[in-house]
Amino acid sequence: MKPVTDICDEHAEEVQTMQEDLVHYGARRQFSGPVRTVSVFEDNVLVKRMLEEADAGTVIVVDGGGRAGRTALLGDNLAAIGAERNIAGVIINGFVRDAAELVDIELGIVALGTRPCRSHKGGKGYSDIPLNMAGVLWEPGMWVYADEDGIAVLPEKSAYDK
């Protein structure tokens with residue numbers, strides 16, 4: 001994968017970058033792929049469903065309500081599902097748990113931080129919808145690039161990666 005800094009330099013007119021500092025938790029520090037979106041609040045049923053249904057190589061973008069959330073939306077069990085299915089990564093505007101275990105799971109995982117409490121299981125939320133999150137207007141099918149320098153989003157896969 002080309003570094004996010006290079007993506008930003010080469011696509012300055014069309015690139016969007018996340019304006020929130022996220023922490024890397026998974027073993028995979030660089031990842032890219034087509035976007036699928038989920039919008040939930042303190043409920044991770046749709047996150048699990050997306051991990052089970054999304055195509056390999058997908059990056060799942062979760063708007064979990066940001067810092068208002070009091071529960072984790074992803075832990076080691078759900079991360080293991082994503083790794084087994086070769087999901088490229090999960091970007092969470094919210095929180096994770098089981099941080100000590102996540103570092104060994106071969107999945108890109110970035111989130112605001114950790115919360116020890118599990119989420120609710122009501123199945124409330126939306127998937128595959130446009131999101132306005134952390135300075136980016138996310139649409140399913142866009143292409144996201146993530147590494148240690150940040151997260152860049154393009155309308156489609158960069159010609160460099162085709």
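Glycine is treated like the rest: Cβ placed from N, Cα and C.
Over all protein chains present, the Cβ of Leu78 (substrate binding site) has 24 other Cβ atoms lying within 10 Å. Taken from TrEMBL, the feature substrate binding site applies to Gly75, Asp76, Asn77, Leu78, Arg97.
The DSSP secondary structure for Asp98 (Mg(2+) binding site) is coil. Sequence annotations record features per position, and here TrEMBL assigns Mg(2+) binding site to Asp98.
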List every residue in the same chain as Gly75 (substrate binding site), at least 6 positions away in sequence, whose Cβ is under 8 Å from its Cβ.
Val96, Arg97, Asp98, Glu101, Leu102, Arg118
Taking the Cβ of Arg97 (substrate binding site) as the centre, how many other Cβ atoms fall within a 10 Å radius?
21
Near the Cβ of Asp76 (substrate binding site), how many other Cβ atoms are there if near means within 10 Å?
16
Which of the three DSSP-derived classes (helix, strand, coil) applies to Gly75 (substrate binding site)?
coil
